[in-house]
C-alpha cells in the first residue's frame, strides 16, 4: 500500500463528465490498495469568469476580497469531486485549504505556505476515505483565506505530499508528460520518461507550462518524487526525481522500464529538452551613462514596481562613447508599469531613449549534458545560423542556454535546434527509450 | 447614527449591474451617517446551477459536501458586493458565516444557530467599514461549514441584527413589502404599512413568500424590528414590530407616517391579509380503525420520515362504523416518502385505502381582528359559498383561518375573500392609509 497524492487541473474537471472520469481514476487507485489524497483546481473557466465579474465591479478590487472570491472555484470542484468519488464506491471527504491545515503569510493573491499541518487529511485517509483538498488556498493568521497565486494547486499538491510523506505526487494534466519540446511546435518531439529536478526546474522556468516552477522548486527542496501524466489516458508520464530512477517507489512500480542515466548514448547530446516562451517582452534603455551605479539605479527602479526580470544584457560603448545600452526581458504583464517607472525617472537616470519590443521569443535548451559538453553552445548557434535565425540576446546557466529571437522566428528556431540535437523521435527513440523500439 | 442590518436576496444581486445598484444603496445609507451590515444571498440562479451539477454526479450526495458546495454561492456574491461598495466610496470587508461568528449544530443542510459571536463584524463597523456577511451559512463544532436551509439568509440577517443590537433589520426583496394578498392574484391588493410579528408569522407560514417563517419567528422572539422593502425603489415597505409602531427607531424615522392601531376603523374588519399556498398536497387515510392509538401510530410513522404536516382533519364513522378517515396536508416535497412509509405500514395500521390529492390550494385569512370578531368566519364561509367554492378542510388559530380548496378554484377564492373583507384598495385606502387619500 502506497500513499499517493494526485493533482488534477482545471481542464481535467471542466464539467460533470470530466469529474466522473477523474472520480473513476481515483477509485481505481484506491481499489488497487493505495491511500489517495486528491488536490483539485477550479473547474475549467471558473476562475476567468470570476475575474471578469470582479473587473466589472471595481478597477482594482481589494486583494483580500479577491481571494475570497477566487477560492469559491475550488470549493465547488472539491465538493463535486468528493460526491462523484463517493458515488463511484469509495467514501470521500472534501477539505478546504484551511481545513487541510495549510497556513500562509498574509500576502493575498500570492501567499507563501508558512506551515502545513494536515491533521484532518491524515485522519481521513486513515479512516479509509479519499481526502479531496482544494488547491491554491490557505489561511493566514487573521483567519482569512489566501491564495497561493499562479501554479498554486501544483504547490498545494507537492507540499501535501511532503507533509504526508507520500510515495509519489502525481500531477495530472492534459498532455502525456514532459516533452523534448512543445509537440504543437515540433511534431517530432518525444516524451521524456524521466527527468531530474534541476532539468525540470529549468524547463518550467523557461516556458514549459506543464508544471509550475514553484511546485518544482518545492519538490526539489524536499525531494518529493513527481509523476507528470495525462488525465485522459493510462499511459506512463514523466517521472521526476533525484538522480537515477528509483526502481520501486515504495510499491509504485512503473509499468515500463525507466531508462537509467547510463542508457543515454554518449553519441547523443545529453539534452532533456527545449522550452520556449512567447510571453516575454524586451525593454532596452539606450544611452545610459557608463558609470558605477547607473545600472544599479535602473534595476532598483525596476524592482520597485515588482517586475520579474529574466535576462539582462549590457553593451558598453556601442552607440556612443561613455554610454551603455541595457536590455532586459520580463513578463508582458509587468512591462507597462516598468516602462512607466523608467520613463518617470528619465532625469535621474539620464538615458537617451527607451525602447520596447513585444515581438520576441525565448528558446531555452536544457540538459545536464551542458555542464561537461563544451560543444553544445557551438552546435546551438550553428543550427540557428544555418536556419537564418538572428539571435538578439543570450544567457546561460550551468544546465541551460537561452536565446532571444524574433517572435515570428521562434517556432523555426525550436524545430531547427530540436533536429540539430538529434531529439527528433525517429532518430533518438532507440537511445532515449532504452532500446525498446517503437 | 443608527446601526442597520440590510439583507439582499438572490434576485437583488443577480448580475454585475444589480450588484452595483445594491452597492449604491448601501453607500447612500452609510453616507447618511449609519453603520451598515449587509447580509447577502447567492447570485440569482447560482444555487440551482450548483444543485443541478451535484445531481449529475450523485443520486444522494453527502450533505456535508453539499453544504461546502452551496456555500460557494454566497462566497462569490459577498466578495463581489464588498468590492462594489468599496469602489462606490465606502470601505467594505466581506466575511463568511464562520468569520461572522455564526456557530450552528451539525445538521448539514438545515442547521440551527447555536451561538452568534459577531466579534469581527462589530470591529469592522467600528472601524468605519461596511461589513458584508454571507447569508445562509455557519460553522459547526467539527470546523465544517453548514447551511441554515431554506430562508437561511433572512435568518442570518435577523440573528445578526439581534446580536449586534441593531436598530432595524431591513429585508430587501423584489416586491414593495407585505400585501393584503398576492398582487399577481388580486390586482386590488394593497400594501401593508405595518404588521405585528404574530400576523407576519401567520402570513409567512401560510404562503406569503416575501419573508421566511423562521426569520420571523426569530425576530418575534427577540423583538427585532423588521422593514421589508423593495431593492428596486426607495419606497417605504412594510414595518414589522411589536404593537403600535415606534415613532422613531433610534434615528430611522420612516419617511411617511405609519398608521397606528387606532387609525384602523371599526367598520373595516381588522384583517391583515390573505396568504395562499399552492405547494401543499393532501393525503387521506381511509378506514383507519377508530380506536385509541390508531391516529397516534399514523402520525408517528409520518414523523419518522420527517414530513412537516400542516392541517389535520379526522372524520369518524363517515365511511364505515368503527372506522375513521384522516386527512392531512403537507409540502409536496415530503409527500412521496410519506406515502411510501404509510403504504409500507399498511398491515400495522390496517386501513382500507390511501388517497393522495395534489390538486389542492390553501387560503389563509390572517388578522388580529379574528380574536375578538366572531363574525369573521361567517363572512369568510359566506363569501366562498357565494363564489361557488367548495371547502375541503378547515383549520383555525387565534389569528388565522385556513381553508383547503381545489387548486383551480384558489385564485377565485382569494379574490372573493379579499373583496368580501373590504380589502380591495379602492374601498379601504381611506381607512388603511390613515386618511391620507389617494
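Start at 1 and count along the chain as shown; that gives each residue its number.
Backbone N, Cα and C define each Cβ position, glycine as well.
These features come from TrEMBL:
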BINDING   A:7, A:8, A:9, A:10, A:173, A:174, A:184, A:209, A:210  ATP binding site
BINDING   A:47, A:74  substrate binding site
DOMAIN    A:283-365  domain 'ACT'
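Features recorded in TrEMBL, as mapped to the structure shown.
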residue	record	DSSP (3 states)
A:7	ATP binding site	strand
A:47	substrate binding site	helix
A:74	substrate binding site	helix
A:173	ATP binding site	strand
A:184	ATP binding site	coil
A:210	ATP binding site	coil
Averaging the per-residue pLDDT over the domain 'ACT' (A:283-365), what integer do you get?
84
Cβ neighbour count within 10 Å of residue A:173 (ATP binding site):
21
Spatial separation of residue A:47 (substrate binding site) from residue A:184 (ATP binding site) - C-alpha basis, Å:
25
Work out how many Å separate residue A:173 (ATP binding site) and residue A:47 (substrate binding site) at their Cα atoms, rounded off.
17
Those binding-site residues listed as A:7, A:184, and which of them has the most Cβ atoms within 10 Å of its own Cβ:
A:7
About how far apart, in whole Å, are the alpha carbons (Cα) of residue A:74 (substrate binding site) and residue A:9 (ATP binding site)?
10
Measuring Cα to Cα across A:7, A:8, A:9, A:10, A:173, A:174, A:184, A:209, A:210, which the record gives as the ATP binders, how far apart are the two most distant ones in Å?
24
In chain order, residues whose C-beta lies under 8 angstroms from the C-beta of residue A:47 (substrate binding site), counting only those at least six residues away in the same chain, are A:10, A:70, A:73
What does the DSSP secondary structure composition of the domain 'ACT' (A:283-365) look like, as residue counts for helix, strand and coil?
28 helix, 32 strand, 23 coil
Residue A:74 (substrate binding site), number of other Cβ atoms within 10 Å
31
Sequence-distant neighbours of residue A:210 (ATP binding site) in its chain (C-beta under 8 A, six or more apart)
A:171, A:173, A:175, A:177, A:178, A:204, A:228
